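Below: the structure, in C-alpha cells.
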Amino acid sequence: MTDSMKLILGDICCGMRDAVLGALFIFRVDAEINTLAEERKRKREEKMRESQRRPIPIKDKKESEPKVMHRMLQCCLLNGGIFWLSIVTFNNLLLPLLQYITHKIIGISGQSMSNSTVWAWMGPMMSYTFGALWVLPLFVLSKAVSSLWFQDIADAAYRKSRGRPQLPNLSELIADMLFSLLIQALFLIQSMVVSLVPIAGVGQFLSLMHLCLLYSLYSFEYKWFNMGWRVHRRLAQIEFNWPYFFGFGLPLALLTSLPSSYIIRGCLFSILFPLFIISGNEAATPTQPCDFPLHVFSLVVEIANKMFHRTVQRPSKSR
C-alpha cells in the first residue's frame, strides 16, 4: 500500500512538472518548426538536383503557416487585452464614474430621492445591459476564435514532433468530435454534482479532481486525436493514468479557480490553455498504468451512448 501511494504521488508530481516545464517549450517551438521546414526544403532541392530536373520553386511555409507564438499572443490580446480589460474597466472605472456623476446631478438638482436609491436600480440595469450587449456576445466570439487558434497551435506543435496527423475519414471525424464534446459536457456537469457532497472539503476536492482530469483531457486530446486515437482510448488513457493527469491539470485548475467570476475564469483559461497544449504535446505519459484505475468517465460514457443511440434511431423509425 505504501509503495502504491509513493507511485501515485510520484506520478502526480511528474504531471505537474511536465505541465509547467513543457509550457516553456513555446519559446523555441517556432524556431524548431522553421529549422525542420528549411531542412525539408534543402533535401527536396538536393533530390531534384540529383535527378537532373529543374528545381521547382518552393514557397516558404513560414509565411503561410501561423506561428505558435503569434497565435499565443493573439489569444492573450483577445481574451486578456480586449475582453478581460473591458470588464475590469467597466466595473472599476466606468461604473464608479457614472455613480459619482449621478451623485453630483442629484445633489445639484436638489431632488428628494437619495443617490443610493437611484443607484440601487441604475447600477444593476447598466451591468445587465453591458453584459447582454458586450460581455456575452464577445465571450461567445472569443471562445469560437480561440478554439480555431488552439487547433492551429496544436497542429503546428504536432507536425514538429510527429509529422503529419493521422486523421480518420470525414464521417468518423465528425462523429468522434460530437461524441467527445458530449462526454466533456456531461463530465463537467458531473463535476458540479460531486461538489454538492455534504462533507466539508470532500465535495470541493472531488470537483477539483474532475476539473484536473478534464483539463488534462482538453490538453492531450489534440495530440491523441492527431495520432488517430478514438475517444474511448483517450478516456481509458486518463482513467488508467489518473495520478499523472491529475497532477498535469492541477496548475490550470488552481489558477482558473482564483477569479470569482465565471467570465473571468473563461478569459484566464483561454490565455493559459495554449501553454498546456504545448505541454501535452511534448509530455511523455507513464508507460506503467496505475494499480488503481479511476473509472470516472464510465457514467457519462453510458449516458452519452444512450443519447447517441436514441438520436440515431429516431430518423430510422420515422422512415
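The backbone N, Cα and C atoms fix where each Cβ goes, and this holds for glycine too.
TrEMBL tags one of the stretches 238-256, 257-275 as transmembrane segment, and that stretch is 238-256.
For the transmembrane segment (118-141), the neighbouring stretch richest in Cβ pairs under 8 Å, chosen from 76-98, 169-189, 238-256, is 76-98.
Same-chain residues lying 6 or more positions outside the transmembrane segment (169-189) and placing a CB less than 8 Å from one of its CB atoms are 210, 214, 217-218, 221, 225, 230-231, 234-235, 296-297, 300-301, 303-304, 307-308. Distant neighbours of the transmembrane segment (238-256): 7-9, 11-20, 208-209, 211-217, 219-220, 265, 268-269, 272-273, 276, 279-280, 283, 285-286, 289-290, 293-297; these residues of the same chain sit at least 6 beyond its ends, with a Cβ under 8 Å from one of its Cβ atoms.
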